[in-house]
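S.K.: The structure's right below; bear with me while I get my questions together.
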Amino acid sequence: MLLMLTQWLQGLSPELSFLRVFQYLTLRAVMAALTALLIGLIAGPKVIRMLTSLKIGQPIRGYAMQTHLSKSGTPTMGGVLILGSIAISTLLWFDLSNRFVWIVLAVTLGFGAIGWVDDWRKVVNKDPEGMRSREKYFWQSVIGLLAALYLVFSISENSNTRVFELFITWVQSGFLMDLPPKAGLLVPFFKEVSYPLGVLGFVILTYLVIVGSSNAVNLTDGLDGLAIMPVIMVGASLGIFAYVTGNAGYAKYLLFPYIAGSGELLIFCAAMAGAGLAFLWFNTHPAQVFMGDVGALALGAALGTIAVIVRQEIVLAIMGGIFVVEALSVMLQVTWFKYTKRKYGEGRRLLKMAPLHHHFEKSGWKETQVVVRFWIITMLLCLVGLTTLKLR
């Protein structure tokens, strides 16, 4: 919005040519981060007071750890603060004609809406389970598939072909029609190695990355500050990849596919980092507010969508290794429990408690130890992911 305003003002008078500085993507990214940070810090106390007055407190499951019982009643749904800060800052500083930022915003707010309904049911109905899994997964799938279809259309080589005609062509090919090389699954650490994906493969991969990332971040959000800092670090790192893939010169030099327009995603990533830091100010132990599903589902979906656009799905799995391991710990725990119950008559557990962060708590780690150590691991994984920019 401000970019268009400065361009209009420059056209009015040559004396306003200094506003040309706002054409620089990096400057707008810094401003987006600062704007989101300030919005979050200023609005944070008011949002917390509002949530408290509405008695929107976090219900604690009956099987929760004893050390967590004191958190019952802590305001939740603080993710609205994060999403509001991101949305306002992004809309102010990005190029409104950029389709990639719009789709990321749409997916983020869509998954945020799912999380909002889930949190609201937990609070109003006093039901720690919230939305039933099938219902939640259904709506996640709807948004994930719509996003996947939009993205596969946006990267088609036949950009001048009408959408309906292109869709008919894909149907006739059984959705196996090849896509441009830049739409392939990029393999990190190898020079110009990518796995070609047809339309169907791209849609399935995109769907899995968005929905999987969303739920993985949600499962990680179980301790004060545990999820938000890794989201900040992974998001900032993806912003660097977006900047590279959106710059023809850098993309060519570093052997990345050039994706026109993806650089503007740096604005969103910067806003997400700023909003995340502001939220962490209130979410650090002992937390004054929790982000809830409205924040966790949305932020995870945002990371997944950005990774798909900049073709860094595997790198996302590396940098977000904590999210991956947390999700796998739950899947393995549930699978093993059901298998042993069917075979031996009683369920057995691989971990003392899932997700993994609770296992470490049960093993004697303090909450702050788990959180900070997971932060350190994420920082190292992000550095590994960033090395793929050059080590190819």
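For all residues, glycine too, the Cβ spot is worked out from N, Cα and C.
Features from Swiss-Prot:
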| type | residues | note |
| --- | --- | --- |
| TRANSMEM | 24-44 | transmembrane segment |
| TRANSMEM | 76-96 | transmembrane segment |
| TRANSMEM | 100-120 | transmembrane segment |
| TRANSMEM | 137-157 | transmembrane segment |
| TRANSMEM | 167-187 | transmembrane segment |
| TRANSMEM | 193-213 | transmembrane segment |
| TRANSMEM | 225-245 | transmembrane segment |
| TRANSMEM | 262-282 | transmembrane segment |
| TRANSMEM | 289-309 | transmembrane segment |
| TRANSMEM | 314-334 | transmembrane segment |
| TRANSMEM | 369-389 | transmembrane segment |
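Tell me about the setting of these features in this model.
M.R.: When Cβ-Cβ distances below 8 Å are used as the criterion, the transmembrane segment (24-44) is approached by residues 3, 81-82, 84-86, 88-90, 92-94, 239, 243, 263-264, 266-275, 277-279, 281-282, 289 of the same chain, each at least six residues removed from its ends.
For the transmembrane segment (76-96), same-chain residues at least 6 beyond its ends with a Cβ under 8 Å from one of its own Cβ atoms are 1-4, 28-29, 31-33, 35-37, 39-40, 43-44, 47-48, 51, 56-58, 105, 108-109, 112, 115-116, 119-120, 122-123, 228, 264, 267-268, 271-272, 274-276, 278-279, 282-283, 289-296, 298-299.
Long-range contacts of the transmembrane segment (137-157) within the same chain: residues 99-100, 103, 106-107, 110-111, 114, 163, 166, 179-180, 182-183, 199, 202-204, 206-207, 210-211, 214-215, 259, 297, 301, 305, 308-309, each at least 6 residues beyond the stretch ends and with a Cβ under 8 Å from a Cβ of the stretch.
Taking Cβ pairs closer than 8 Å, the transmembrane segment (262-282) reaches residues 25-26, 28-30, 32-41, 44-45, 48, 78, 81-83, 85-86, 89-90, 93-95, 98, 100-101, 104-105, 225, 228-229, 231-232, 235-236, 238-240, 242-243, 245-247, 288-289, 291, 295, 299, 302, 306, 309-310 in its own chain, all 6 or more past its ends.
Within the chain carrying the transmembrane segment (369-389), a Cβ under 8 angstroms from the stretch's Cβ atoms is held by residues 188-189, 223-226, 229-230, 233-234, 236-237, 240-241, 244, 254, 285, 315-316, 318-322, 357, 360-361, all 6 or more beyond its ends.
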S.K.: Give residue numbers and ranges for long-range contacts of the transmembrane segment (100-120): same chain, 6 or more residues beyond its ends, CB-CB under 8 A.
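M.R.: Residues 56, 76-77, 79-80, 83, 86-87, 90, 94, 130-131, 136, 139-140, 143-144, 147, 150-151, 154, 210, 214, 218, 261-262, 264-265, 267-268, 292-302, 305-306, 309 contact the transmembrane segment (100-120) from elsewhere in the chain.
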